[in-house]
Amino acid sequence: MSHSPNLHSPLENPLLLLLFSLSLSICLPLALSPSHTLTPHTLTHTLCTPHVYCACMFYNVFVDSFLGNDVLLYNVYIDPDLLYTSLSNTHSSDSNRQLTRTHTDVILYCYIPSDRTSSLSMFKFNIVAWNVHGIRSQTKRVKIMDYVSKLKADILLLQETHLLQSEEKCLSDSNYSIIFSSCYNGRQRGVSILVHKRVPFTLNSTVTDSEGRYIIIQATIFNKLYSIANLYAPNNEDPAFFHTVFSHLADLSANSTTIIGGDFNIVLNPSVDRSNSPIHVKQSQSVKVIHDYMKDFGLDDVWRLKNPTKRDYTFFSAVHKTFSRIDFFLLNNSIAHKVTTKIHPIIISDHAPISLSLQTDSIPKPPQTWRLNI
């Protein structure tokens with residue numbers, strides 16, 4: 001069993017605590033450099049996969065390590081909001097002890113072993129797209145944002161906000177303070193992109209539409225460059241609209257990952273994407289244009305890619321008495337294997353929210369105040 005030396009804890013004295021912390025900031029990184037031989041234990045935990053973790057050093061662990069005893073290592077459930085709320089002791093004599101949030105008060109240092117950094121490619125961030133069919137009502141807005149919080153949306157793409165440009169601040173709350181909008185009037189259209197405060201985010205450029213149909217941002221998110229387009233396409237045949245959107249995307253950096261989400265108002269494959277659809281349906285010009293650009297940009301309809309024959313829908317037309325999947329994501333097929341996507345129930349709005357969870361290849365860093373690159 002691990003033991004603690006008979007020493008007065010520096011945590012009992014504010015001045016000693018300050019001096020102790022300063023010494024740690026200098027000495028401990030050296031002690032835990034890549035040449036250090038510490039090897040983390042692997043522990044299966046209900047809240048995290050065995051290979052996604054950091055090792056956290058506590059005061060008593062730090063002292064034990066200098067006495068030559070085994071260093072205790074802890075699995076951490078990596079969640080941007082709850083990074084330290086679920087910890088499990090992996091010491092052989094105390095493997096079942098659950099550590100609570102009160103233990104985080106004595107966390108002095110956190111490091112990632114050099115042989116484990118590649119495991120953090122499993123870190124994910126979530127994008128949610130939702131045609132909300134109006135969000136001016138405070139009651140409805142609260143319901144929508146409450147549901148979005150349950151989906152853990154890091155980036156939120158809203159369509160049909162029905163907001164004026166002067167009203168976009170109503171979308172700002174304690175979680176989402178970065179907002180980009182293209183508005184039209186208070187009765188129709190309108191799209192917005194909201195970025196959660198926990199997301200490391202640097203904006204490069206934006207493209208907005210005066211008709212309130214699309215907004216495109218290019219930004220560095222979790223240390224990678226993304227071009228993200230939020231669409232609310234016309235519900236009539238309009239191939240020119242898609243030509244315009246993809247032309248803007250083509251002007252952005254070729255080194256960025258492209259993600260397009262929203263309400264396309266068309267189905268890419270009527271035989272499986274619309275209920276009660278004839279087996280043979282003539283392809284519309286808009287669908288042809290989208291398919292052509294998907295080939296040119298190397299994009300996939302990621303939900304259909306993962307569900308080749310499944311029938312699931314995002315919208316019900318009361319007029320036509322049909323269900324259809326007109327809300328979806330397109331993204332680079334080179335990263336499709338890193339993505340999971342889901343269609344959620346149709347609630348609050350007449351459309352279902354859809355979500356995309358993307359694995360990142362970089363270690364998440366604490367969010368900073370967003371800035372604009374000039």
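Each residue, glycine too, has its Cβ placed from N, Cα and C.
Annotation comment: TrEMBL describes 1-25 as signal peptide.
Among the features that TrEMBL reports, domain 'Endonuclease/exonuclease/phosphatase' is placed at 129-351.
Every protein chain considered, the tally of other Cβ atoms within 10 Å of the Cβ of Asn131 (Mg(2+) binding site) stands at 25. Mapped onto three states, the DSSP output places Asn131 (Mg(2+) binding site) in strand. According to TrEMBL, the Mg(2+) binding site annotation covers Asn131, Glu160, Asp263, Asn265, Asp350, His351.
Reduced to three states, the DSSP call for Tyr232 (active site) is strand. The active site annotation in TrEMBL covers Tyr232.
Asp263 (Mg(2+) binding site) falls within a strand when secondary structure is assigned with DSSP. Here TrEMBL flags Asp263 as active site, proton donor/acceptor.
The site 'Transition state stabilizer' feature in TrEMBL is assigned to Asn265. Taking Cβ-Cβ distances under 8 Å and a sequence separation of 6 or more, the neighbours of Asn265 (Mg(2+) binding site) in its chain are Tyr232, Ala233, Pro234, Asn235, Ile326.
The site 'Interaction with DNA substrate' annotation in TrEMBL covers His351. Annotation note: His351 (Mg(2+) binding site) sits in a strand segment as assigned by DSSP.
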Quiz item: Glu160, Asp263, Asp350: which of these binding-site residues has the highest Cβ count within 10 Å of its own Cβ?
Solution: Asp263
Quiz prompt | Beyond the site residues Asn131, Glu160, Asp263, Asn265, Asp350, His351: chain residues whose C-beta lies within 8 Å of the centroid, for Mg(2+) | solution = Val132, His133, Gln159, Tyr232, Phe315, Ile326, Asp327, Ser349
Quiz item: Which has the fewest other CB atoms in a 10 Å radius around its CB: Tyr232, His351, the listed recorded positions?
Solution: His351
